[in-house]
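Annotation source TrEMBL lists substrate binding site at Leu17, Glu22. If you look up TrEMBL, you'll see Arg107, Leu108, Gly109, Arg110, Gly111, Lys112, Gly113, Tyr114, Tyr115 marked as ATP binding site.
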Amino acid sequence: VIDHPKYQESKRIAIFLSMPDEIQTEEIIKDIFKQGKECFIPRYKPQSNHMDMLKLSSVGDISSLALTSWNILQPSDDDNEREEALAGGGLDLIFMPGLGFDKKGNRLGRGKGYYDTYLERCMKHPNGKPYTIALAFREQICESVPVTENDVQVDEILYEEC
């Protein structure tokens, strides 16, 4: 990931804070700050499919985040001090989680459509849609993933031996 050309050229990067069953992102987050890039993480709104990407100020900032009922760390609902990526310069790159992927770039998420809805909003931003890279285990690559017309394909899927 760190040597990937899209990562190297990106300045504003959104990345998920990994759950135990996902590719671990902590080292990538540390490198984002080490290289002087800007790091944004998701804040999901419950009972909706709305998600914002809010700016982290440092790796240590993660310890100040609230744990949701889904066991995900994210900025609290009343945290209005952080920059939302689309309110500023948009994003260059989004690292995306998922449960399953196929080689056509289709992604099976957790069913709420947060990332698909967010990418639709990105398309309306003056800087347009950021490049998307899904981080996956080899076992998550499927022959085909069911999709609907609202699903947005990922640009690239990184996994072992890809």
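Cβ coordinates come from backbone N, Cα and C, glycine included.
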Given the binding-site residues Gly109, Gly111, Gly113, which one has the fewest other C-beta atoms within 10 angstroms of its C-beta?
Gly111
Would you mind reading off the Cα separation of Gly113 (ATP binding site) from Glu22 (substrate binding site), to the nearest angstrom?
18
